[in-house]
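First the structure, in the form of structure tokens, and then the observations on it.
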Amino acid sequence: KSAAXVTLDLFGDWRAKRHDNAQLLTGINLNGQTLGIAFMSKXSVGLIQDYXKSYLLVASVMAHELGHNLGMEHDDGNCICPAKCIDNKPLRTDIVSPAVCGNYFVELTPGSQCADGVCCDQCRKAGVTVAPDLCFDYNQLGTEDKFTHSPDDPDYGMVDLGTKCADGKVCNSNRQCVDVNTAY
């Protein structure tokens, strides 16, 4: 058994009769690419590596593992996103939620940014340009995360593809600041 599987077993034994669900955050490296592991049937426990500077990335892994604890599996090629798929966008009539914008979904095009409000994710002030070394490919979670380094700079968190990084330039999939006409 791997160190992650042994730790998960021991944690599951500890909490077996004490809680409905438990998630253990650890600073220990979980076997290279493993950022989290959870049982889908045995005991409702998860083990999550606190691996990043951003609590949002760690929270995302924890939510993923909690989904496994609740019996959810990964979507596969056969899933065409009916209601049972995790990637399915819920209809406004199917959920209870606060007020939303537009057609109820955030659908920003590459390079789009919002300023604030309930439709904003990773909010930035309008017209803000990030430093070229902050380009970050959201699809590369778990690799070298780039964040602002100076305490004088605002914290932009992750900077996704298409974010303006200089005049006429945007972040591309190689985390480089390139001419907007050659980025895609």
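Yeah, the Cβs are placed from backbone N, Cα and C, and that goes for glycine too.
Since the structure is predicted, the reported quantities are computational estimates derived from the model, not experimental observations.
If you look up Swiss-Prot, you'll see 1-90 marked as domain 'Peptidase M12B', on the strength of sequence analysis.
The Ca(2+) 1 binding site feature in Swiss-Prot is assigned to D20, N88. D20 (Ca(2+) 1 binding site) falls within neither a helix nor a strand when secondary structure is assigned with DSSP, and so counts as coil.
Positions annotated as Zn(2+) binding site by Swiss-Prot, on the basis of similarity to another entry: H64, H68, H74. A helical conformation is recorded for H64 (Zn(2+) binding site) in the three-state DSSP classification.
Marked as active site by Swiss-Prot on the basis of sequence analysis: E65. Counting Cβ atoms from all protein chains shown, E65 (active site) has 21 others lying within 10 Å of its own Cβ.
Mean pLDDT across the domain 'Disintegrin' (98-124) comes to 50 in this model. Positions annotated as domain 'Disintegrin' by Swiss-Prot: 98-124.
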Alpha-carbon distance [D20 (Ca(2+) 1 binding site); H64 (Zn(2+) binding site)] in Å: 17
D20 (Ca(2+) 1 binding site) CB neighbourhood, other CB atoms within 10 A: 7
Alpha-carbon distance [E65 (active site); D20 (Ca(2+) 1 binding site)] in Å: 15
